[in-house]
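K.L.:
Below is a structure I'd like to ask you about.
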Protein chains: 2
Amino acid sequence: MSGSVSPLAPKSFATVPALRGVRMATASAGIKYKNRTDVLMMVFDKPASVAGVFTRSKCPSAPVDFCRANLSHGTARAVVVNSGNANAFTGKKGREATALTAKSASAAVGCGENEVYLASTGVIGEPLDATKFSGVLDAMAKDATGDFWFEAAKAIMTTDTYPKVATRTAEIGGVSVTINGIAKGAGMIAPDMATMLSFVVTDADIAPAALQALLSEGVGPTFNAVTVDSDTSTSDTLLMFATGAAAADGQARVETAGDARLASFRTALNELLKDLALQVVRDGEGARKMVAVTVAGAESDVAAKRIALSIANSPLVKTAVAGEDANWGRVVMAVGKSGEMADRDRLAIWFGGIRVAVDGERDPAYSEAATSAAMKEEDIDIKVDIGLGNGTATVWTCDLTKEYVAINGDYRS
Amino acid sequence: MSGSVSPLAPKSFATVPALRGVRMATASAGIKYKNRTDVLMMVFDKPASVAGVFTRSKCPSAPVDFCRANLSHGTARAVVVNSGNANAFTGKKGREATALTAKSASAAVGCGENEVYLASTGVIGEPLDATKFSGVLDAMAKDATGDFWFEAAKAIMTTDTYPKVATRTAEIGGVSVTINGIAKGAGMIAPDMATMLSFVVTDADIAPAALQALLSEGVGPTFNAVTVDSDTSTSDTLLMFATGAAAADGQARVETAGDARLASFRTALNELLKDLALQVVRDGEGARKMVAVTVAGAESDVAAKRIALSIANSPLVKTAVAGEDANWGRVVMAVGKSGEMADRDRLAIWFGGIRVAVDGERDPAYSEAATSAAMKEEDIDIKVDIGLGNGTATVWTCDLTKEYVAINGDYRS
């Protein structure tokens, strides 16, 4: 964990209520860190529907492989997450570690190993000694409690400077349901570092296939629209669980994502995913400014997102934002390199709501003073109108600072 | 230009001889810089064959558009290059500036405007006042001299900390020919900053189509295999000219790139292109280390290059090198995110010739001391064996340092 909290951290944290059907416990297993918790266990006393999305890495971690294999089973009884070691690029030893953890968790909870979900974050390539925490899962399963979301979020932190929690309510067929979530960042990846993990739980009664559809659709404009440094972790994992406890209040089970009763739930879920995703960006390594990049007028939404990511991942755009420089020449560069259709002479670019370029040149009304003032803000909006079609997309990123280089490049002794 | 010379600069510069058929002059037009030359003119007294490769940006600069349009004509009489302003994203004014420059150059040299080639590097989005230098082209054409390569290289510098020159000799059908080249970097792009420009001239007599084929084939493993920051300039331009002066020594004109007499020339050209490309990397903004990334065992050469670029462009790999940290976990991450086929359990990774990971885990013989020592070198070789096929590729990059962020992000006052 970093010494100081990100200047972009939320001014206050959401109070996340207990949610029927899930209990949590944390422990300090000393995997890597001292004097802090580094293991989280979530227990579902009745089988919960489960859905998941994972890293697109071709070299995923052992826990990612493990979760993917279990997902077809559709229900979950336990989740075990550790920080400090990613159990990635650990070969046979990595599979042995997930097997041992799953076995211990299934014994502790009294469920099948195919109802266990695992995630690990931390160093890549170091064997994970799962015996360090497998022995404490029995006690954790017994002690687990519902009102523990903030502590849960703390146990999974790596270079995060603050825990990430969110909660929303919705209704399904007139029955009130809750969605809670936690997440961690803080670079997109790595050894001694970060990875994106998030766990979302609702007490709604939703079948696995519908839950998966909701989640897969929800991540597009949220978790899949944020980038800190364009690097992709071997371990990124977003799992969602539905305990079904709201059935006791008369919520009839939702079987398909097309069910009209999901309108409120879908909105609440997407808001919660966006909330967590933006909290991850606001804790990006070395971040001093939050940047929203909106592209309009592209040939399609897919093209707009590709252009927006090209801008958001450009080191030159990100260093310009760090320097409070409304350097729209670099935005033009990033549009050009995206590979998507663009016509220089139709481009318009805004920084902080101020149009700085239009029709292929600097805006005649450009004011250096007004633009400089806008760039001093903590939140910077960059907008580009491609002028060719109706495709739009927004992605979020942070600036690239010397602190990012220091965090990721300071000499090992 | 930066205040201090890159620590990776060549210890000495090549002495580049005059080359028959081309004369050069430089001038100080005060486009942006004070007390230095910022315009280069090259004059071919007889029409030279010309070939070119350009940025893939969808928002290319006005000079790139201009050169592309002229290239089908096949011969060149004049080249005008300015530094300090890229004439990119300048709309109609940009086209007016290229038209004025071409008109002035054609008048000065006595050639068609379709025999003129232009390149500009510097700020994006500022109108280029071509009247600043169009008036001096007459005098430059008259004064141009052959023994002027080093001065030519200096006039086109932007954030470069040293001029980039190279020379090679070859033979075609028993006749000795020379190839000279200059280049500039030093980020891949930008406003107040860099772009990659290079100009190569030979006295060989080679037809335009053959020259284009040689150049297009030569850039793959050279200029197209280097990256400083993954950003793509609006203005990247590599032009090659063949003056044909060697015909006077009896060199029979080469009409096709398949001509067997080109063997020596092709080798020399490719070496020269690699020499210049690596000089650009060694002057990458903020660079303290030169990194060669070699990928072997990929499914194809194309796949190998994509993986190598994924590693070379990863901010986390580049910051690790800056920190002298043989962080192979980040290399695994970059392999995984490339999108190409990879099997974690077959990967092997070397830093500085030392194998650090094999068969999906840390090498059992891994020595922290030996690896740390290797990482202190100025030139770092990273090698990855994917273990799946025969595809290989090498790309070159530099580390990502706080100085890069400072150069590109320091506050505008």
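The backbone N, Cα and C atoms fix where each Cβ goes, glycine too.
As annotated in TrEMBL:
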type     : residues                                                   : note
BINDING  : B:Thr158, B:Lys184, B:Thr195, B:Glu285, B:Asn408, B:Ser413 : substrate binding site
ACT_SITE : B:Thr195                                                   : active site, nucleophile
K.L.:
According to DSSP, collapsed to three classes, what secondary structure does B:Lys184 (substrate binding site) have?
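P.N.:
Note: B:Lys184 (substrate binding site) is in a strand by DSSP.
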K.L.:
Select from B:Thr158, B:Thr195, B:Asn408 the binding-site residues whose C-beta atom falls under 8 Å of at least one C-beta in chain A, and return them in sequence order or as 'none'.
P.N.:
B:Asn408
K.L.:
Using the structure shown, find which entry in B:Thr158, B:Thr195, B:Asn408 (the binding-site residues) has the sparsest Cβ neighbourhood within 10 Å.
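P.N.:
It is B:Thr158 that, of the binding-site residues B:Thr158, B:Thr195, B:Asn408, has the fewest other Cβ atoms within 10 Å.
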K.L.:
Through the lens of DSSP with three states only, how would you label B:Asn408 (substrate binding site)?
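P.N.:
In three-state terms, B:Asn408 (substrate binding site) counts as helix.
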K.L.:
In DSSP terms, helix, strand or coil for B:Thr195 (substrate binding site)?
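P.N.:
For B:Thr195 (substrate binding site) - judged by DSSP and reduced to three states - the answer is coil.
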